[in-house]
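Per TrEMBL, these features apply:
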SITE      Arg17  site 'Transition state stabilizer'
ACT_SITE  Tyr22  active site, proton acceptor
BINDING   Asn73, His79, Asp86, Leu100, Ser101, Arg110  substrate binding site
ACT_SITE  His99  active site, proton donor
Amino acid sequence: MKILVINGPNLNMLGKRNSKHYGFLTIFQINDKLKTQAKSRGINLVFFQSNHEGELIDFIQHNCQKASGVLINPGALTHYSYALADALKDANIPVIDVHLSDISNREDFRKINVLEEISVETVAGKKEKSYEEGLLKLVTHIKSSGH
Ligand code: DQA
């Protein structure tokens, strides 16, 4: 099983961002945790991070045919990128969106999640554990839906 692990704008700066919201780990440390989790289950993870909406969309378009699902933290694009939401919808594979911080309990603009409709589930507010929980949920969903 191949899963795309996608991080959007500013997530390359993890480790230097506000630890109250985002914790202390870098994106590489988070990815390493996911790799360990995936290895024991025989899952192949393909990682991608970009600060550019179009690059994220290109990556999804070029890689979705050979993947079983997408784990994505779209960063601030979560709150307004209908283009990213469309690309994920057109990919036609299960998506789980994850957020380090509790987006339902911050500024009003963060309470809007334009991926809500296309995402199987949103996992938020658990710092790096959001990714780990999100990956488990995605794998369980893929297996149960026979993909
Ligand atoms: C985020 C929440 C977003 O509102 C923010 O713009 C981010 C990261 C999170 O992981 O909590 O960059 O998606």
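A Cβ is built for glycine as well, from the same backbone N, Cα and C atoms used for every other residue.
Of the recorded positions Arg17, His79, His99, Arg110, His99 has the largest number of other Cβ atoms within 10 Å of its own Cβ. Measuring Cα to Cα from His99 (active site, proton donor), the recorded positions that fall within 10 Å are Tyr22, Asn73, out of Arg17, Tyr22, Asn73, His79, Asp86, Arg110.
Of the recorded residues, the residue listed as 'active site, proton acceptor' and Leu100 (substrate binding site) place their C-alpha atoms 5 Å from one another. Less than 6 Å separates the Cβ from ligand 1 in the case of His99, Leu100, Ser101, drawn from the recorded positions Arg17, Asp86, His99, Leu100, Ser101 in sequence order. Distance from the CA of Arg17 (site 'Transition state stabilizer') to the CA of Asn73 (substrate binding site) is 15 Å.
When Cβ neighbours within 10 Å are tallied across all protein chains shown, the highest count among the binding-site residues Asn73, Ser101 belongs to Asn73. Leu100 (substrate binding site): 24 other CB atoms within 10 A of its CB, across all protein chains. The separation of Arg17 (site 'Transition state stabilizer') from Asp86 (substrate binding site), Cα to Cα, is 29 Å.
His99 (active site, proton donor) carries a strand DSSP state (E or B).
Here the C-alpha separation of His79 (substrate binding site) and Arg17 (site 'Transition state stabilizer') works out to 19 Å.
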